[in-house]
Amino acid sequence: MVRNCCLELVHNWPCDQSSLFILCPFNSFNIIFLCVLFIPTVRQPPMIFKESPQDYIVDPVDPIIVECEATGNPPPVFTWTRNGVYLNVARDPQVSMRWRSGTLEIFFWGRPDDYEGVYQCTATNEFGSALSSYINLRVSKARTWLKEYLEPVSVVVGLPLILPCNPPVGPPKPDTYWLNSTMAPIRQDRRVSKAENGDLYFSSIVADDALTNYVCVARFPFTNTIQQKPPLILQVLTGLSHTAPKFLKPKGTASTAIAMLGEELILECFAAGVPTPFIKWTKDWEEMSMTGKKLENFNKTLRVKNVSMDDGGDYICTASNRMGSLDHVITVRVKSVPFWVEKPESLVLSRDDGGSIVCSADGIPRPQIQWLVNGEPISALLSRLVSGDTLTFRAVVPDSAAVFQCNASNQYGYIMANAFLAVMDMKPRLLGPRDELIKTTEGNHTHLDCPYFGSPKPDLQGSRHRILPNGTLEIRNTKLQDQGSYVCVASNVIGRDEKEVQLEVKEPIKIVRAPHNTVVIRGSLARFDCKIKFDSTLDVAVTWLKDKKFLILGRRMTKDEDSLSIADVYRRDEGVYTCRVKSELEEVTASAKLTVMDRPDPPSDLEISDPSERSVRLTWVPGLSNHSPIKEYLVQYTEDLLADYWLLPSGWKNLSSYPGSLNSVILQLTPFVEYRFRVIAVNGIGPSKPSWPSEYYQTGGAVPDAIPKNIQGMGSGVFRNNMEISWEPLEYREWNGPKLGYMVWWRRRDSREEWKNYTTYWWCSYIIYDTDTFTPYEIKVQAVNFFGYGPESPVVIGYSGEDRPVAAPSDLGVSDIESSTLTVHWEPVSRLWLVSQVYYWRESSRLPWHTVSRRIKTKSFKANGPRLSGTLTGLVPYSNYRMYIVVANNRFEGPPSNTIEFQTPEGVPSIPRSFRIMHRHYDTIYLDWEEPAEPNGILTGYILKYQTLNVTLGDRIQVEYIPPNITYFSLRRFDRYTRYKFSLAAQTEVGVGEAFTEESPHFTTEEYTRDQVDIVTQGWFIGLMCAVALLVLIMLIVFFIKRSRGGKYPALKNLTDHKPLNGSHIGRRTNSDDSLMEYGEGEEIEFNEDGSFIGEYTGVSKRNMDRSPYHDSSEPTSPVAIYSFA
C-alpha cells in the first residue's frame, strides 16, 4: 500500500505519464513544495482530471472546445458519445481531437446547431475506463421578435398596468431594458419598475405616462446582440383618485417558491394602488435579518445571494398606503442537487491486501448511489463487495485493478466521480532530500517530514515523539534539548530505506511592546510602537504594512528602531498597520488600527418634497461622520426675492439647525420667494464643507402677513393745514406676492366721520390737505398685494400741521439746589402737547479771579401735569447761573419766560493739575503742582499721602496737610533706591476732591540725577545772570555820570503828558496790568526834582494786598521798580 504526507497525484502536469508528482510539506511553515519522483515501473488506471461544465453554452462565432483530460499509465485512449451514440471523430472533417488528449475541437463550416447535444468522454487503458460527466452542449442564439403591430393600450388614470416584454428565448437568457423611441431609459421608481422576466409594472397610471412610448429591448450577453420590440403607445383616460393596495405579482395572498441550496433566490412583489404602496418584507412574521440578503427595485425585489437551509420559511410582503394594507405570504422550500459528503478516492493496494472506497453524498431529497466499473454496471465478485455507498475489496490480485464510477442523483441533478484501484509491489523508498538541516524556534510545533512510498505499506521506526500516519515526526512545544540528529527508517517485506535529519532550535521572536489601536485628529501625529526581542544568530527584518500592503516611507512616515511615526495625519492614512518581524524561521506580526477623526463629509443628494406655500420638506443623504458622531445639521439658504420686475438675490444665510439623528426636516419658508438650500454637518471636530445646493424651489404667493411699522401723522412742510402720514416699508421678504401697495385709513378723532382711505404704490407716505391746525386724527395702514389685503395696523393718533406757540411758561423757579444739581419748576401753558425747553448758562464763578465759559446749555422736558418740574444735572459748584424757559412744538419755539439767576453752593474741588516728581539731589524728592482747574469753592488746603512701594508691616501711609498757597513739597529719602507712591488731593469746606496718584521713578544713577537738577544750578543759567548783572551795573554808572552833569530824566515829559485814568477803563484787570493807579491809593503821585518816583513805586498797594487771599511778604520786587530805581 502506498502512503505519503499528502499522497496526491497531480494529473494536469504536461509531462510523461510515468512521472508521479507528490505534494509534501517540508518545513515548519507548512509551505507545500512540489517534489517529482520518477517511477517508470508504476502502472496506473486512467483518471479524468479536467472536463467542460455540465451545462455548456458556447458562442457560434468561435470554434467549440469540449475539454476532456486524463492521466494513466499506459496513456489512455479517448472516445466520445453524443446523445448516447458513438462519435466517430475521424470521419467528421469539422471535428478533431488534440494529440494525447481527449479534448474536442469543433469548427463551424455549416450549421452550428447540428453539434448540439449531450456529450460524454471515456478514457481507457489496460487497467480500466474513466467516464466524464454528461456535458449538455448548447449554442448561443440571438433570436429576434416576431414582426407584429402593437395596438395602443387604453388605460384609466389610477388603474394598474403590466406591459409584457416576452423576450426571445436564448440560450442564454437575455438582459431586458425599457426605453422610449429616442432610446432614453424609462425612469423607474416606486410606481414604475421592471420585473426579472422583463415585464414593466405600473402600480397606478398617471396622465404623464402617455407622454412617451415604450420599447422593450433584449441584449444577449454572448454575442452582445440587441433586439428591439416594436414601440407601444399608451392612451390615458380620466379615472380613479385613490385605491387600496392590490397585488399584481404574485397573485392572491399566498404562493410557494423553490430555492436551490447554494444558488441565488429572487422573490418579487408588485402591488397596485393610489397613492403608490410602500413595500415591506418580513420573515416568519418577524423583523428580517438582512445578512446575505439585499432589497432592490424599490423594495419590490428580495435577493438572497447564497441560499442556506436557514433561508427556508415564510416571507411576508406587505403593501400599504393611506387607503389600507395587504399581505402576501411566499413559502420558500429549500432543495438541493446532490453534493459530496465524502468524495471517493483512488486506492493503491499490494497483492492479497484489502481496502475500501467510500462514496458518501447528500442532497434534498437524499440522492441514490449507483456504482459502475469501467463505465458498466457493477456486479459482486468474491474479492469485491458493494454495500450502499461503500465498495469493499479483499485479497486483491493484479487483475482486480479497474476504474470505478460513483453516481449520486436525485430529481434536481446528479454528480459523478471516478476512483481507481491499483495493485502493485514495491520496496520502501523515502522521498525528499537527504541529510536535511531543519531549523525551528523554541515553543513551536515542529514537523520532521519523512514522506515514503512502498507497497506493501512500510513500517516506520522513530523516536520518543509522535509519528503521524504520513511519516511525519511531530515535536510539540519544541525545547532547546530537542536539538540534535534524527533518523527515519521505513521497511517492509521487500526491503528498507532510511535518512537522517538535523534539528536546530533557536530563540523565538517576541514583540515586547506591540502597537495599539490609535484614534487621532486629522493633522496631528500618530505613533505605533514595535519593540522586539530575538535570537542574535538570526537575521531579522522589520517591515511595516498598511492594509496588508507594504508601506512606503517618506517625509511624513518615518520609522526608527522601535516605532513608526506618521506626521500630519490625513484621512487616507486610516487603516490597519502591521509590524512584521521576519527571520528565516518564522514571521511574527502585530497589528493596530489607526482611526482618523475629521470633520464630517458634506451631505449629498438633497431632495425637496411635500411643497406648500410656507413650508417644504428637505431630505439629504448623510455623509461619513469620520469617526466623530454628527451633532447637528445646519441648513442654509439663499433666496431670490421676487419683486415686481426683478429678482433680488442674497447670499447664504443660516435657516435653522437640527439634531444629527435627522436627515429629513420640514423648513418654514416665506411665500413668493425662490429658494436654494444646502446643508452643513457638524461634529465634535468642526463643520463639514457645504453640500451641493439643492434645485431651485419657489414658494407660492399669499396675502401680506406683516403690518407696516413706525406709523406717524404730522404736518408737512411750511403749511399748517395738512398732515403727512408715513410708515416704514415692508422688507421684500414680507411682500408675499407681487404688486405690493399700502392702503391708508384716516378720520378725525372723537368724531363720527367715516373712515377715508387711499391706496398708494411705491411710496411710503401720503399727505392729507385742508386740515385744521394741530388736529388729532386716527390713522391705520395695511399692506396689500396681488393676492389680497394684509392685517390692519393698530390705530395711531397723528396731528395735522403746527403753528408757532404764543405763550410762555410762568413762575419759573428753582429749588433743592445742590452743588451740581437742582430742581426747576414752572407753570405750564394751556396746551399740554408742547415741550418745555430750558436754557441756562454759567454767568461767572463766585471766586472773583476765576474766569468761566458762558456757553449756553439746554434741556427738554415733556409737558405733562398741572405744574411741571424737572431736574438739572451737571452744574458747576460755587458759580452764578442764569436761566429762562420756552415752550416748543415740532416746528417752532415760543417766546422766552423771564430770566432768573441762582447760585450753586460749594463742592469738592477737581484734581490738582501739573503734578510733577523731581529729583534735584540724591537724597531728596521734590514735588510741585498747580491748583485745580475748578476749585468749586474756596480751597482750604491740600492733602498729600505717600508710602514706600516696598511696604512692610511697619510702614504706614504718611499724610501731610499743606496750606492752599503752597504748591510744592520736598521729601528726604532713606536711600537712593527707595521709591514712593504719592496721592495728592485738594479740599474745600465741603470735602476732599479727587486725588492724583503717581509713583516716583527709579532715581538710581547719577546721569538721571543730573537730568533732574533745577535750572538755577545749571552753568549756562548762572552765566546768563552774570551777564545781565554786568549790563545793569554799566547802566547805573552811565546814569550817575549823566546826573552829576545836571541832566534831566527823559521820560518825565512823556509821563506828565498821559491823561489820568478814569472810570471808563474796563474794571476787570489782569495781574500783568501796569497802571500807575495801583499805587498811592489812587491819589496823584508827586515827582521829585529829577522826575523820579522811586519811593512811591517800591511797594505793593494796600488794595492789591487786600485783594490777594494768600499774601506772601516775600514776594519779589517788580521789575518796573528796578528800572525806576535805575
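Here, residue 1 is simply the first one shown, and the rest follow in order.
Glycine is no exception: its Cβ is also placed from the backbone N, Cα and C atoms.
Fair warning: this is a prediction, and the values are worked out from it, not measured in the lab.
The transmembrane segment annotation in TrEMBL covers 20-39 (among others).
The average pLDDT for the domain 'Ig-like' (40-140) in the predicted structure is 89. Look at TrEMBL and you will find 40-140 (among others) tagged as domain 'Ig-like'.
According to TrEMBL, the domain 'Ig-like' annotation covers 245-333 (among others).
Annotation comment: TrEMBL describes 338-422 (among others) as domain 'Ig-like'.
According to TrEMBL, the feature domain 'Ig-like' maps to 428-506 (among others).
Look at TrEMBL and you will find 508-595 (among others) tagged as domain 'Ig-like'.
The domain 'Fibronectin type-III' feature in TrEMBL is assigned to 602-702 (among others).
Mapped onto DSSP classes, the domain 'Fibronectin type-III' (707-803) shows 3 helix, 51 strand, 43 coil. Under the heading domain 'Fibronectin type-III', TrEMBL lists 707-803 (among others).
What TrEMBL records for 808-907 (among others) is domain 'Fibronectin type-III'.
Feature annotation from TrEMBL assigns domain 'Fibronectin type-III' to 911-1008 (among others).
Here TrEMBL flags 1020-1041 (among others) as transmembrane segment.
Counting residues of the domain 'Fibronectin type-III' (602-702) by DSSP class, helix then strand then coil, yields 0 helix, 55 strand, 46 coil. Secondary structure of the domain 'Ig-like' (40-140), assigned with DSSP and counted as helix (H, G, I), strand (E, B) and coil, comes to 7 helix, 54 strand, 40 coil.
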